[in-house]
């Protein structure tokens, strides 16, 4: 063997000759088994060699050493200079290990290494491979063959060339042959021979596989081999046919798809076909029928067909008549799936995929049917392509376009209009321009050419859009609030016109609605059409302006439409006002207007005709509104005539056509909105508008000349300023209050809908007990699939009831066992809840013991105390209670059977038979009471209890003599005390024994107690006799109660009947995971927070009952373990217990794997024989053919269910040096090893050298759990890093979606959970996809309800839980039906998988704009003709944020997302293309809710600034002191109206309704009151500020980003500095501004205003201010603890004082934070800057108003007063600047000079103040007023300075602005901190706050005070 450069010489035995090397720490050098997982990415090919070395280490350490040596040589050869990342360290580590093993290992089989490895290879082959394939499973064989292959590779390097013996070579050839058959597979081992898994025996799988393998008549591609001819010209000399196994291989050889992709899609297609086939045929199919293939083809190509029709191009999947259509269809389906499977990021561009398929299908058609190429005219070549040629030639160029575009986004800083996102590039393929790209695509086509010239370095970032850039496609996302008007213009026009009409009517002399019919008033009302014309003109202008950047990409017809729309709107805006002005001289009344229309049309004004003409389009659209099928057909039509007709109504777009609902749905939501709008408009008219008209008229007539400031417009008529100040807030409320009406109506309708859906019918244990008898039959009707003939047969044979109970008991018991495993119930509760599998032993139904609790003791008491003479009276009493009747009969029969089974002596049995005969005869003849003494029954019961207890005793306490003794006592009591004639039975027994007397009942067969079935009966009987009243409250745990009652209740709800497992839709679950917690480590459990509280201790206190149950469970689990392992095992159990109470991946995986368990149980119930079912699911192993059942059940479960977790960074975590990453990797690996159906997809990054350059290559990889490590199944190379292009989560989902299977896909987030009993209902839900509906459309997304499981942690978590619960139940219920606007909210929704994978996937991924990626999937689904429903008979668990700061971050993220949605094309298109009422539903349930929240806040500002103007100018005094106004109370009422809306209590309505429905209205009312006492209103008001701030800022400036909120559960104390950083700009600044406004309004209006009026008007505003300023501290644990307050102040001062700079985090320095807070202004456009400056000007009003009220002004109104105030301001700023400069210039070197300067300034200040006080009349109140005046002015300077930052930096005054900012922050911090500090002095405040925060936990026994104090209970 050739020597390597490592200095190791070839020898018969390999040795090292170099000096020992220092060991490099690879974290786990002690755990040698995982060195293969630490290999750097550039050395990936050596991983299999190291894995084999580890695998064979125990078998032969020397051969393992040789393998490692070979791996080292390979590594050295691959990277000789160790340039790759981590290569040098790894090689050093491996070398060190080899040095150690060189000395330690020695040959055992041979005398030298070559002999040793050959002998080992032969031995390994003979032991594992010769007979293995007939005994071992395919996955085991795959591993064995892989080991043998690697061993042979190593063997060839060790054994000299030509020295390998013949036997070894023969074995190697056989291994090579078997290599193809045994590979690691996902679900189907397609090529395995020998032991074939059950799944491969399904006929449907075989048929689908055979159909794919039909390649007989396909033209085979050839590999052309060239040789040089004589004249050096290449001549083809040979052709070699490439091997083709099936259709997908054939396609791959033509187009060059990757092997991993082909293998993945092969399995995907086989499973799709098999599932469709198995569902269609009852009998086993023998061949794949064309109908199944056609159905799949139709579904997959529906979007492609639609695209071809839209572009008017011919479809390319043509099939000539005389060919095998099924084969050709499969070729086209396979081609599409292969394209999709390798498309990577391009999967988000469905029409781009259509374009690719269109051209490739054309090529396939050419190859199949020998057509000529359309361009070259030559026949299609059939040469095979290289693997990856499709990736390189088709996908990578498109990916590069995406990547270059996203770079222009500058990490979310650039304007959306400056770069093209996924939607823009996809919409390029909506026009026939895309066909000009050619095929193969022309790299010089306009799609690929970029404006790549880099910008000058000094150019501002937000100018990224400048220069010669590519135009946007169809739409431009411009940052402006005008999008709200543009998208929802019909709604705004309606509200504005309604307001105008109501105002005109209210302004009329009578002011009543009847005056509408008055001629003059009606004529005035007609002016609304002029307003409408101007609003339409505004809309047409916006359409042009906002889409300007897309004009170059628009078709001429679209541009023409925009221009014509503008021209027509402008024409109407001119014609209507002219017509109206001319018609005023020709007025007519309403009656005359209509009656004389026909007879006297000449006399009508021009305006009437103009209006009639103007309304024609609206009338036509109203007609079409009531004919949805016609409108739908017209919109979807591609006929040119229809297109021309529709062209004016709306632009032709590929999506958003024909979204109209059926007539019934339309009427439902139309009725909803008509009722709502009538209520809203009536309220607005009678409460908001009409009361204000009278005072307004009076105010407009009052002459005001006594202004208290310098009035710039003293001659303005009608006091217009006052009118605006009064009306502005009312107008804002008018536009906002529809949101409140929506909350009211949705609550009412949602509640009614919920009640009709049978929600909450079983909500307590009492209700469950009363209806439990009906539960099994409801279970049969809903969850047991049964053919009609089976049902009738069982009914005839009286088996129905027994089988129903038997099947119900299997599921119920598994449900109870699952709750036991989750520690929600104890062992004793479990026993009380279980239902016996078979009730064949007794004649009545055996109900669970918790229903029969105390029934036997009560029946005994009744019998004992019964005084009657007639049996019937006693029996009537007992049978009146069904459960008691059952219990009595069961008890009697079970006692009889147990004793009879135990007796060995035949005469004893005879006695028992006689007793029983006597009992039964007496009952039959009605003489029971006369023949039996009832009074002795309690004594018998007592003895029976003792007897049963002895039978159940543990082996060490088991006493046979005692048992015999007690049994003899029992028989004695029966025969002598109870039975009147009992002695006769004994005598007859003695008589039969010929007078021989001996002791009876001595011989018992007690070994029968080992029989499981008998023991269960004894246990149950013991429970029936002993369980008392307490069992009525079983289970105690609230979560267990909730789950049991919900499950029972759901069986009575409307759900589709369950199909058989084989007939159900197949589905996958997909969970995206990044770096969240997988399983908590021991350190994390024990780590204590600042209060000394560990996570484990905290959870033990929150869940005390579950902890007790857990300890009880693990005691049994670890009792058989070795002593030394017990602690370790216990800790492992504890880690899982804690993790299952957090929001961890382990919890999610456990929940989702319940689906598989449920499917396996369902298979058992369907396929097992009656005997097995009656015997019980858990006893299945006792049956002979149980293995067959199990294999079939698992195979069917695998066919129907797949679970993929997309762990994006799993590959990096595997190699990471970080301890947390390694822990995550190990935990994920353990999850795979534990759950064999779990698959993990990740993005693997490999460093590879290409053409001498190192570059990163990216792969999508799917792995599963092997024996000890993960096994790679598929590896598909990507064109680049996916997350570089789009948002992280959707890209993570997208890369893994190709590994999912089935027809449905459930999206599950990382913070979700599932329950066994809910998993059982999955097949019912999936039937919703197939259910017939009124509308033609079938659902594309099924929405499911959620249960928020984090509500018990704190009051905040409870508020959040209630809010979220109301949204995911009543909120989504009403959205889905009747409103038809439910979308996808990232919840456990189930997607129609094939629909979505052909239409862009399950989320959208464009950077920033698709921040809320989930809802865009709903938008996309709706616009592409989908239907989204909501179902509440099944639920999934979900965790939510629990701390104040996490909740605020979450709300900020959602508000950011809604801000971005407002700008998006999806919202615009839905807003424009929904009908009017559906558009209203859409607006008020998405962006409208956030806009209304913002308007609510804005109303407060507008109201208070209006008051500020009125108070400071003196106008309010003049009005209120006017005698006319004093007589009218109307003004006060009008001012008070809007204050009602600030409370936000109405938004709690849905919450109360839902709690009422599901828990009862008394509970709901109690919860509501408790929530208010726990300051829920403060919390919700605070969150209103969060929504308003982030929504507004996002639309104005951008800056949205994904905010990680954190999901931990220990509620910790947040430092003051943390709270200040988080809420300073969103709440504190705004709160202080409102505080100053309220103070100014109070102080300067106090003299003439009653304080009651002031308080009434401003109460809600004071509440808002208090909430915004102090909520974070009220809801901060230990917020009023004195020590923490002191620490917080110290920390805050340190933070404020620290200098900032590059690399200093915002939480370390105020300067860094201040810079970060202004980041949005760095990247905003000029419009955003100007708006910021304009908004800042409001702060100058304070100074202008207050200076005229100062005593020193002496009531002067001169403008000079204001000028002098600016002189004072300037002086103060100059002095401050001098001090600042002095400190810098003289502070160190000229200390004395600086002191003198300060002294002079102080003396000057004192002199000036003295003069002002003595001479000018300055007062102390003036000083306070001056602070109020100048503070806002300084803040305005700051805001303007921040907006003009570049200019101020150029002027070199930016540092001064920064210091001014610091001063303001100090003052604000002090103002906010002081109340907290003062309250911290009083210890009771802290206790009260703890009670307030954790009341919910208190009610469940949480000793939170002890937790927060950190006093731990000492173990006794």
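Note that Cβ sites are derived from N, Cα and C of the backbone, with glycine treated the same way.
Just so you know, TrEMBL annotations are computer predictions that nobody has curated.
Feature list (source: TrEMBL):
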- 1-14: compositional bias 'Polar residues' (COMPBIAS)
- 327-442: domain '1,3-beta-glucan synthase component FKS1-like' (DOMAIN)
- 1-21: region 'Disordered' (REGION)
- 491-508: transmembrane segment (TRANSMEM)
- 528-550: transmembrane segment (TRANSMEM)
- 562-580: transmembrane segment (TRANSMEM)
- 606-627: transmembrane segment (TRANSMEM)
- 666-687: transmembrane segment (TRANSMEM)
- 716-736: transmembrane segment (TRANSMEM)
- 1482-1504: transmembrane segment (TRANSMEM)
- 1730-1747: transmembrane segment (TRANSMEM)
- 1759-1779: transmembrane segment (TRANSMEM)
- 1800-1820: transmembrane segment (TRANSMEM)
- 1826-1844: transmembrane segment (TRANSMEM)
- 1864-1884: transmembrane segment (TRANSMEM)
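Residue counts for the domain '1,3-beta-glucan synthase component FKS1-like' (327-442) under DSSP, helix first, then strand, then coil, are 78 helix, 3 strand, 35 coil.
The stretches the transmembrane segment (528-550) and the transmembrane segment (606-627) meet in space: the count of Cβ pairs below 8 angstroms, excluding pairs fewer than 6 apart in sequence, reaches at least three. Proximity of the transmembrane segment (562-580) to the transmembrane segment (606-627) is established through 3 or more Cβ-Cβ distances under 8 Å for residue pairs spaced 6 or more apart. Packing against the transmembrane segment (1759-1779) from elsewhere in the chain are residues 710, 1743-1744, 1747-1748, 1753, 1797-1798, 1801, 1805, 1826, 1829-1830, 1833, 1856: each is 6 or more residues past its ends and has a CB under 8 Å from a CB in it. The list of residues near the transmembrane segment (491-508) in space but at least 6 beyond its ends in sequence, with Cβ under 8 angstroms from a Cβ of it, reads 484-485, 515-516, 518, 520-521, 524-525, 527-528, 531-532, 535-536, 681, 684-685, 689-690, 693, 731, 734-735, 738, 1476, 1479-1480, 1483. Taking Cβ pairs closer than 8 Å, the transmembrane segment (1826-1844) reaches residues 1633, 1636, 1639-1640, 1718, 1721, 1729, 1732-1733, 1735-1743, 1745-1747, 1750, 1765, 1768-1769, 1772, 1854, 1857, 1860-1861, 1864 in its own chain, all 6 or more past its ends.
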